[in-house]
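Since the structure comes first, as structure tokens, the remarks are kept for the end.
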Amino acid sequence: MPQVELQFGGGLESLTGGNKVVPANFSGEQVVLGRVIDWIRTCLIKEKHEYFVQGEHIRPGILVLINDVDWELEGKTSYVIQEGDRITFISTLHGG
Amino acid sequence: MKRLCSHCGKSFANILVGREDKYLCRCCFFEYFEDTVHRTIVEECLLQPGERIAIGASGGKDSTVLAYVLKLLNERYYYNWDLWLLSIDEGIQGYRDDSLRTVEQNRDDYNLPLYTLSYSELYNWTMDQVVSQIGRKSNCTFCGVFRRQALDKGTEKIQANVLATGHNADDIAETILLNLLRGDHARFSRSVMEENANYRMSIDSDSKKIRRVKPLKRVYEKEIVMYAYFKKLKYFATECIYAPFAYRGHAREYLKSLERIRPHSISDILYSLSCISLEDSKTRVGQQCIRCGSISSQNICKACLLRTSLDRGQGVLAVKRSGMAILSKNTVESEIPQTVSESSTESNIS
């Protein structure tokens, strides 16, 4: 049952009711990041889901970090989450 | 599986710098980012030591990072730049008033002077009023034209001759794509020329014309956001309340989707851009607007035309191509018809 901390920034916090930090528990072994994203889309975000996920992918322009490491270095959605991981989602799409 | 930084080989890597397949630790990434900006400035002679520089500051990620990095480079290399924050208040309640507070925060954090200029003092119109007249369809056209001129006027007011904006590589690719998709030949040529001629323009510009420079043009949006995140810079990240209706959004989404399939898309577009060579068109002869004195390719500049259309309650006309021609004809004919030809000959000679 890994517990992780989800962080939202760059405007994405508007999708989670203004919450920048959301703790979450996942049951089972070998929980991959793809499942976490799915959970965020279905359970955490109440509206405008397309601002977070488009089709099966996370919306282009959203950066993801796992414990401050670019998820592109960690296998993206196939990364297996560990107890205490901090997963950060930052939108790059807002303003200049 | 943790990877070591491909540069120092000592710390674990934090970020993949896409286009070169580099993976860097936090420290090496900072160095890489600041170096890239510094090299852009030096190689393209964007800024001269000791000059006064206006930084177009919106409170967003790009301008916040730009202000931070310019201040840092100024101290690191003893450039003796006189840096100013220049902010434009478009008059959009619930958006700009909040972001202006972020700019004020930047002013205090970075200890830089701030000058703010508003649409209402310049044009007697706020964007909220513009939208209430013309609706939400072409409002970004008004805002874009007004902002461009407002930044020029602000730069003049603080007596700087160079304006630095936070445009990044993604923005430039986006603009090129946008004008291509629209089939806007004139604007496409102008944007291509503006990007490619920057070097030449900054060298042989006469002292009167304000130079516009983009020190972040070689860094990517991802890198800017990562830099701001790791440096814990505070920026304002709310979409303009009128922007979701802008056509630019489509180009942006398209570009980001392209990037997912092909990570090099943006650098490909920028490379293609640098290969395009266009003949200097005659319309670029700089002349002054007979009304406000701004540099313009026509007798009356676009900002003045748009403003007149609003004053007459004909704002909607102005953003239709045919409407603009009628409006432009009416405006020129009704005002100072004699001086038009004189002033245009004069500016042709100079």
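In case you wondered, yes, glycine gets a Cβ from its N, Cα and C as well.
Residues B:Gly56, B:Ala57, B:Ser58, B:Asp62, B:Gly166, B:Asp171 are recorded by TrEMBL as ATP binders, and the candidate that the same record lists for that site, out of B:Ile41, B:Ile88, B:Ile92, is B:Ile88. Here the domain 'tRNA(Ile)-lysidine/2-thiocytidine synthase N-terminal' (B:53-237) has a mean pLDDT of 89 out of 100. Around B:Gly56 (ATP binding site), the C-beta neighbours below 8 angstroms that are at least 6 residues distant in the chain are B:Ser63, B:Leu86, B:Ser87, B:Ile88, B:Leu151, B:Leu163, B:Ala164, B:Thr165, B:Gly166. Under the DSSP three-state reduction, B:Asp62 (ATP binding site) is assigned to helix.
Chain A comes close to B:Ser58, B:Asp62, B:Gly166, taken from the binding-site residues B:Gly56, B:Ser58, B:Asp62, B:Gly166 by a C-beta to C-beta distance under 8 angstroms. The domain 'Cytoplasmic tRNA 2-thiolation protein 1 C-terminal' (B:287-313): residue composition by secondary structure is 10 helix, 4 strand, 13 coil, according to DSSP.
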